[in-house]
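See structure below.
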């Protein structure tokens with residue numbers, strides 16, 4: 001598919017999403033807010049990828065400036081640390097996190113939540129492969145890279161996958177407790193890890209900053225969809241307490257406005 005065809009397809013998806021938003025708003029559907037968030041993030045991805053395409057798929061002005069500055073700040077200790085962070089945020093690391101989360105959810109009999117995590121992980125993988133090969137943006141020069149990479153550059157698979165996987169895991173925790181401190185701490189840790197993984201890819205010189213930003217945007221769009229699905233399928237507090245009596249009912253969000261789970 002040519003770059004022009006890809007951009008046209010993305011524009012068509014954004015237009016379709018806007019039409020869906022209008023329909024959801026008219027029906028006062030609870031999915032309206034997550035749909036708006038996903039559309040905005042995907043729209044931002046479309047704008048960014050369009051700008052990259054108009055620049056011949058090469059680096060944008062800020063890309064070269066930022067990456068050059070990072071290379072000047074490299075050190076042996078930082079290289080070791082960034083290599084570890086990058087490895088942890090790779091495909092294997094995210095699969096391990098997702099599988100561990102699913103194992104806990106299945107033990108808690110939260111089968112539908114586990115299914116959402118699986119779909120989130122699988123969808124992230126598909127997005128990375130499809131968009132990378134459709135855009136086909138070259139990576140930074142090999143002389144800048146501290147790690148060997150053979151795939152295309154945009155979006156950053158590490159940035160996209162970590163956004164989705166760590167984001168959905170954070171959402172799983174958030175739906176499990178009403179304690180504000182735990183909720184905010186979980187979200188902050190997930191966001192910090194995602195940011196660190198993205199920075200590690202820049203430090204290693206294997207991505208342009210716009211690749212990482214695009215990974216965050218596209219990953220955020222898919223994450224929003226998955227979180228919306230998670231909030232729709234999670235069982236009520238009474239069902240969770242019945243399935244796992246060791247968990248105090250007060251530690252589970254009530255969600256009084258949530259419709260009963262379908263059986």
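Backbone N, Cα and C atoms are what each Cβ position is placed from, and that goes for glycine too.
Quick look at what TrEMBL annotates:
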TRANSMEM  6-24  transmembrane segment
TRANSMEM  31-57  transmembrane segment
TRANSMEM  77-107  transmembrane segment
TRANSMEM  114-135  transmembrane segment
DOMAIN    116-227  domain 'Phosphatidic acid phosphatase type 2/haloperoxidase'
TRANSMEM  155-174  transmembrane segment
TRANSMEM  181-204  transmembrane segment
TRANSMEM  216-233  transmembrane segment
Assess whether the transmembrane segment (216-233) lies in contact with the transmembrane segment (155-174), where contact requires at least three Cβ pairs under 8 Å among residues 6 or more apart in sequence.
yes
Please determine whether the transmembrane segment (181-204) and the transmembrane segment (31-57) are in contact (criterion: at least three Cβ-Cβ distances under 8 Å, sequence separation 6 or more).
no
Please work out which recorded stretch in 31-57, 77-107, 155-174 has the most C-beta pairs separated by under 8 angstroms from the transmembrane segment (114-135)?
155-174
Summary of DSSP states over the domain 'Phosphatidic acid phosphatase type 2/haloperoxidase' (116-227), given as helix, strand and coil counts:
84 helix, 0 strand, 28 coil
